[in-house]
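Feature list (source: Swiss-Prot):
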- 1-9: signal peptide (SIGNAL)
- 24-571: domain 'PLA2c' (DOMAIN)
- N41: N-linked glycosylation site (CARBOHYD)
- N116: N-linked glycosylation site (CARBOHYD)
- N223: N-linked glycosylation site (CARBOHYD)
- N267: N-linked glycosylation site (CARBOHYD)
- N306: N-linked glycosylation site (CARBOHYD)
- N440: N-linked glycosylation site (CARBOHYD)
- N446: N-linked glycosylation site (CARBOHYD)
- N477: N-linked glycosylation site (CARBOHYD)
- N498: N-linked glycosylation site (CARBOHYD)
- N526: N-linked glycosylation site (CARBOHYD)
- N532: N-linked glycosylation site (CARBOHYD)
- N571: N-linked glycosylation site (CARBOHYD)
Amino acid sequence: DITFAGVQRALPNAPDGYVPTSVSCPASRPTVRSAAKLSTNETSWLEVRRGKTLSALKDFFGHVKVGDYDVGAYLDKHSGNSSSLPNIGIAVSGGGWRALMNGAGAVKAFDSRTDNATATGHLGGLLQSATYISGLSGGSWLLGSIYINNFTTVDKLQTHEAGSVWQFGNSIIEGPDAGGIQLLDSAGYYKDLADAVDGKKKAGFDTTLTDIWGRALSYQMFNASNGGLSYTWSSIADTPEFQDGDYPMPFVVADGRNPGELVIGSNSTVYEFNPWEFGTFDPTIFGFVPLEYLGSKFEGGSLPSNESCIRGFDSAGFVIGTSSSLFNQFLLQINTTSLPSFIKDVFNGILFDLDKSQNDIASYDPNPFYKYNEHSSPYAAQKLLDVVDGGEDGQNVPLHPLIQPERHVDVIFAVDSSADTDYFWPNGTSLVATYERSLNSSGIANGTAFPAVPDQNTFINLGLSTRPSFFGCDSSNQTGPSPLVVYIPNAPYSYHSNISTFQLSTDDAERDNIILNGYEVATMANSTLDDNWTACVACAILSRSFERTGTTLPDICSQCFDRYCWNGTVNSTRPESYDPAFYLADNSMASVSLPTMLSTVVAAGLAMLILV
């Protein structure tokens, strides 16, 4: 039963389901490494992947033209030096199911496997041309669905069969339909959630609400019975297609909570999960641990000889649950709702033994960075590592892995589904947060640079939140090497895609409409709103590469940059409430408006039931 509804699964390689388990250590025992450079795994993989991206770029520029300029000849000329060629990253923001679906629309638009995506006016092949892709919170759910299901397509995830993935009409509260690959009813679903987490706790590991949240997410995101109990994030590195460099390297992003603090600030540590490692380039830790052996008792960067290797801690559901742990807070208000008392009793029984001080975090027990970099790390004395939702520091677009100087990313396509405004539209807050962090006097940015962006009011007043915009076009005006950022904010092209972050259920029609709207946002309605849009995307991709090779940009690129690059103009006047009009025909049944306090409380109360 390898496939269901056309969706393949990855590797269920955890030794004992959700329970982290002692295994024999490899001959070379795992250690924590310095973040001074990329891992040998990543550099070796890049040698393979960059060759694949060259081929993909040639295909992409076969249907995306840059005026009369022969991009294919340019790529051939520099094919012997991969560092001269464009290096592309894609970032998909958080924002719950809204972010998953809007981000899915962009990824669908970028995927050459999507029907008609390589036609004139479309952007199919950009995904295949990318080296890296990152997601946090709702964006991490999208990445998890795609990668754990063997780099499947968004089309195949848009299922219509009961019990299949992405059947969001059944909320996480209800659990999956008993049809299809799932064989359990709601009662069995709740029991499975509790049993999995209880097994981890009995094995001696700290557990929090994030464990149950991550297990619940797995039923919606992974095409496997019982929510893919044995699927790990590190298993991505073991899939032959990834090893062959056939698709981009995925990152899930989360934040650290500083010891003794509850508020996540701009100087918080930003972690990444990649297929091989967990860690950060930030100076607070500046280290990475082998992801496969999370849960092992590292001390001072090594594993003592009397300690076993642990595997299975990096459950794929736990990883994407960690990145979206903000939702934990909405699981705690059940007793303020009018839900039946027997439901509250069951829920509270599950929560009874969980640490009440850690309701909003994921507990990484033991801390893999215990006594590591003791002279500089505030986490070195902590036996447990508190990790939280990747957007809690305001950086809701996961740019951090993509702006690391060692990765040399030229251009980032930043898909922003944030709910910054009263009506749940983005206003650039995430980009502002990343820019301000790069200037933070604490040194937390650790040498990363980011192009200048304006304040949030300017984003709205200049229309930078209603259409794609470019930042960092003039690299000579940067504080350090930084990528050009193509900002793609969620906007209403044909559907009100601004559903609440905490809307827990979405029927297939709304799901598909939001995905279609996201496709239209990324392609500017298949270039019907700008005949030169795909050429302008191409110019953004080529810009840094042309600079390195001393190549003059074609005239059309100058026109594109005049049109899409922020020119430094600021208008900080406080705007009226931001409620953008449709670009295309309205396919919505009704406009999405500001929710009432009652509806927000009801949604929050329902979310609590995820842990029943």
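Just so it is clear, glycine is given a Cβ too, placed from its N, Cα and C backbone atoms.
Distribution of Swiss-Prot features across the structure.
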residue : record                      : CB count, 10 Å
N41     : N-linked glycosylation site : 14
N116    : N-linked glycosylation site : 9
N223    : N-linked glycosylation site : 28
N267    : N-linked glycosylation site : 16
N306    : N-linked glycosylation site : 6
N440    : N-linked glycosylation site : 13
N446    : N-linked glycosylation site : 16
N498    : N-linked glycosylation site : 26
N532    : N-linked glycosylation site : 19
N571    : N-linked glycosylation site : 13
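Looking at N477, N526, the glycosylation sites in this record, the fewest other C-beta atoms within 10 angstroms of the C-beta turn up around N477. Separation of the C-alpha atoms of N532 (N-linked glycosylation site) and N306 (N-linked glycosylation site): 63 Å, rounded to the nearest whole number. Taking the Cα of N477 (N-linked glycosylation site) as the reference point, the closest of the glycosylation sites N306, N498, N571 is N571. Ranked by CA distance from N267 (N-linked glycosylation site), the glycosylation sites N223, N306, N446, N498, N526 have N446 at the top as the closest. Per-residue pLDDT, averaged over the domain 'PLA2c' (24-571), rounds to 92. When the Cα of N116 (N-linked glycosylation site) is compared against those of the glycosylation sites N41, N223, N440, N571, the shortest separation belongs to N223. Mapped onto three states, the DSSP output places N41 (N-linked glycosylation site) in helix.
With N306 (N-linked glycosylation site) as the anchor, the candidate glycosylation sites are N223, N440, N446, N498, N571, and the one with the nearest CA is N446.
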